[in-house]
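A.B. asks: This is the feature table in Swiss-Prot:
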type	residues	note
MOD_RES	THR10	phosphothreonine
MOD_RES	THR16	phosphothreonine
REGION	54-98	region 'Disordered'
COMPBIAS	54-65	compositional bias 'Polar residues'
MOD_RES	SER69	phosphoserine
MOD_RES	THR91	phosphothreonine
REGION	148-184	region 'Disordered'
MOD_RES	THR150	phosphothreonine
MOD_RES	THR165	phosphothreonine
MOD_RES	SER188	phosphoserine
COILED	218-245	coiled coil
MOD_RES	THR282	phosphothreonine
MOD_RES	SER292	phosphoserine
MOD_RES	SER294	phosphoserine
MOD_RES	THR298	phosphothreonine
MOD_RES	SER374	phosphoserine
Amino acid sequence: MDQFIKQDETGDLIETGMNVANHFLSAPIQGTNSLSKASIIPGVAPVLIGNPEQKNIQHPTASHQGSKSKGRGSGVRSIIVPPSEAGNGGTQIPEPLFAQTGQGGIVTTVYQDPTIQPTGSYRSVELTKIGKERMINRFVEKPRISTPVTEFKRGGPGAAAQGQTIQEEGIDGNGASAGSKERSGSLSGATLYAHLSLPQQDSTPANVGIAPQSAISANEIMDLLRGMDARLQHLEQKVDKVLAQGSMVTQIKNELSTVKTTLATIEGMMATVKIMDPGNPTGVPVDELRRSFSDHVTIVSGPGDVSFSSSEEPTLYLDELARPVSKPRPAKQTKPQPVKDLAGRKVMITKMITDCVANPQMKQAFEQRLAKASTEDALNDIKRDIIRSAI
């Protein structure tokens, strides 16, 4: 015989079980007065052997179940229908009660009203719930009863403890045995008395009180936060102003680069002029120099042609060094320098003093010097000192 179940057979078994469960759950509850043999579902007749009209219905279980429950006693458990749910014969039962089974495989159902009898659908649901409860209670271990602990004293057990007998604790069902208690065989009292340790709790209880009020320093913290917020806003305003001047800074950089380019061009032109005219100017006009180069004294000794001599200036003169010249040069007169307008420069220097000088004493000293200045050189010196003090 093949010990392995095929996949098709497993699927058929699962489908059959689901059909049986759906049949039990979907079967309507009939309100008949009695349970006839025609209403019994095929397959559960051995369980329902006996007269269904009796008040107490007892059904023996299978032989293998009875052999396992012989040592546990023959207990009988009952299901009691409350009077509120009891009625006349033929009434519909809204919710069937759980049927309980006792030891020995005996199922007993007790009704307070003899007129109410279970119908076929009720018994079907009852049998289904009996099997479910058996499967659940199969793995539940019954509570154990511990034997009292005898008090141990020096010199052996007391007179009251001598008459007590210790019985081994049995277990009713599957599970490990807790063992048996035995008295100490030592009568010398070498082993001291030890108290029984109490069971430990899962958690230690804690006292719950009213939550404390707000701390006193909360107001100080709020004031500090407000101050920090104000400082942050002030810094943000300054940063916004700095960012707003970004375009102006870019424009200043462009103008500065233009000025540097122009200055480099001027320096190149000045170097070219110095190369072309390395001498020092004397202040004599160019026409005068050309005329002095062209006019010269010619001495004719003896007869000869004197037609080449100029007849415009026949008279010669002697200069300061007794040199013969055709005409004495007029004395050089110094031209008076034009008086420049210094009012505009004074206004500019006054503005520089106001913007660049922060020290009140230095500002007053510059204003006094500006009032006394009457030449351009004095104004330039004042302007130079203002720039140095600002740096």
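The backbone N, Cα and C atoms fix where each Cβ goes, and this holds for glycine too.
I'm curious about the neighbourhood of these features; can you describe it?
C.D. replies: Other Cβ atoms within 10 Å of the Cβ of THR10 (phosphothreonine), summed over all protein chains shown, number 10.
Within 10 Å of the C-beta atom of THR16 (phosphothreonine) sit 10 other C-beta atoms, taking all shown protein chains into account.
Per-residue pLDDT, averaged over the coiled coil (218-245), rounds to 86.
Less than 8 angstroms from the CB of SER374 (phosphoserine) sit LEU342, each of them six or more residues away in the same chain.
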A.B. asks: If one measures from the C-alpha of THR16 (phosphothreonine) to the C-alpha of THR10 (phosphothreonine), what distance in angstrom results, rounded to a whole number?
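C.D. replies: Each residue's Cα considered, THR16 (phosphothreonine) and THR10 (phosphothreonine) end up 10 Å apart.
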